[in-house]
Amino acid sequence: MDQQTDEQIRMNTSAVAISVVGLISSLVTCFMNIILLKTYMKKKNDMALFYYRFTLDVILGALVAAFLLFVVMYSYFSSQLSEYQNFIFYLSLPASNVGACRSIVTLCVAIERMVAAYVPIFFHNYRQHCPTVVILILAVIFGLTEDVVLYGFCNFHLNIPKNCAAFGCAINSCFLYYWTTHKSTIFALTFIFSLLLCIKLFIINNIMKTGGVELSRVNRLALIDAGMVCIFDFLPSFIANQFSTTRFFSFQNIGPYGAVAKLIGCAIEAFLVYRTMRKGKGSSTVENSKTIGRNSKKKINEIRVN
């Protein structure tokens with residue numbers, strides 16, 4: 001009996017430690033993306049998908065922060081909050097929907113950048129025929145299909161285990177398989193299209209002897225996005241898909257490690273994106289100053305000649 005109680009405490013401590021890290025990352029993600037939206041949001045077609053993603057990250061950060069805060073509180077006050085344990089599911093399901101929506105936007109960014117790199121003329125001529133708002137609508141619809149699959153196809157009935165502190169152990173095996181499989185598939189596709197983009201950029205800068213060509217800001221952001229997806233999205237999803245039934249990687253043992261890893265990645269990505277955007281803004285300012293200086297010098301010379 002004592003051994004079982006100690007085991008329960010150990011599992012709760014693991015979930016708390018991971019959840020606290022995720023909570024901090026969620027708040028950083030939320031505030032950093034608000035700063036990005038307030039500082040850099042402009043009506044530029046090439047950045048529209050990124051602005052959608054910044055907005056989704058704000059929503060995702062807020063939802064996951066609320067979910068993880070409840071997980072921490074539940075771990076410390078499990079007896080008092082036992083009747084509210086279902087909040088673990090009700091708070092994490094919307095976050096999962098937003099995460100699925102975000103994954104589609106990220107995939108579309110990777111596809112868009114890859115097409116622009118390989119067939120730039122085609123991209124320039126036909127990109128405007130696919131409005132970015134349509135991509136956002138399709139992404140939202142995809143996110144909501146999780147609920148349809150959960151209740152319509154997997155016949156889900158809410159019955160959370162007492163030591164469960166994650167979305168993965170609150171759902172049934174049917175939806176867990178769908179959930180981990182579709183995430184792994186989307187993340188793998190994002191990686192493939194991003195790898196193709198990297199290969200093309202490498203060829204342009206090295207094989208074709210056009211070294212010194214600087215990456216555009218959009219391509220930099222796409223590569224940052226892809227790197228974060230591979231490390232902080234694909235790997236946790238793969239682990240959950242393959243090893244969630246083992247004791248060490250079980251959601252009951254170490255809590256919502258998938259959500260926490262995702263938000264750590266989002267926080268790091270938000271910081272890198274902010275640095276990239278700030279650097280790009282600084283470069284544009286310097287270039288504009290140089291252009292103004294050259295124009296002024298040209299006018300002075302013309303006046304002297306006259």
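Every residue gets a Cβ built from N, Cα and C, even glycine.
According to TrEMBL, the features are:
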TRANSMEM  15-37  transmembrane segment
TRANSMEM  49-76  transmembrane segment
TRANSMEM  88-111  transmembrane segment
TRANSMEM  132-153  transmembrane segment
TRANSMEM  186-208  transmembrane segment
TRANSMEM  220-239  transmembrane segment
TRANSMEM  254-274  transmembrane segment
**Request:** May I ask for the residues of the chain that lie six or more residues beyond the transmembrane segment (15-37) and have a Cβ under 8 Å from a Cβ within it?
**Result:** 51, 54-55, 57-58, 60-62, 64-65, 68-69, 71-72, 75-76, 165-166, 254-257, 259-260, 263-264, 266-267, 270-271, 273-274, 277
**Criterion met for the transmembrane segment (220-239) and the transmembrane segment (132-153) (at least three Cβ pairs under 8 Å)** = no
**Message:** Would you say the transmembrane segment (254-274) and the transmembrane segment (132-153) are touching, if the rule is that at least three C-beta pairs must lie under 8 angstroms and be 6 or more residues apart?
**Reply:** no
**Asked** Which bits of the chain, at least 6 residues beyond where the transmembrane segment (49-76) starts or stops, bring a Cβ under 8 A of a Cβ in it?
**Response** 12-13, 15-16, 19-20, 22-23, 26-31, 33-34, 36-37, 41, 84-85, 87-88, 91-92, 94-95, 98-99, 101-102, 105-106, 108-109, 112, 132, 135-136, 139, 165-166, 218, 221, 225, 255-256, 259-260, 262-263, 266, 270, 273
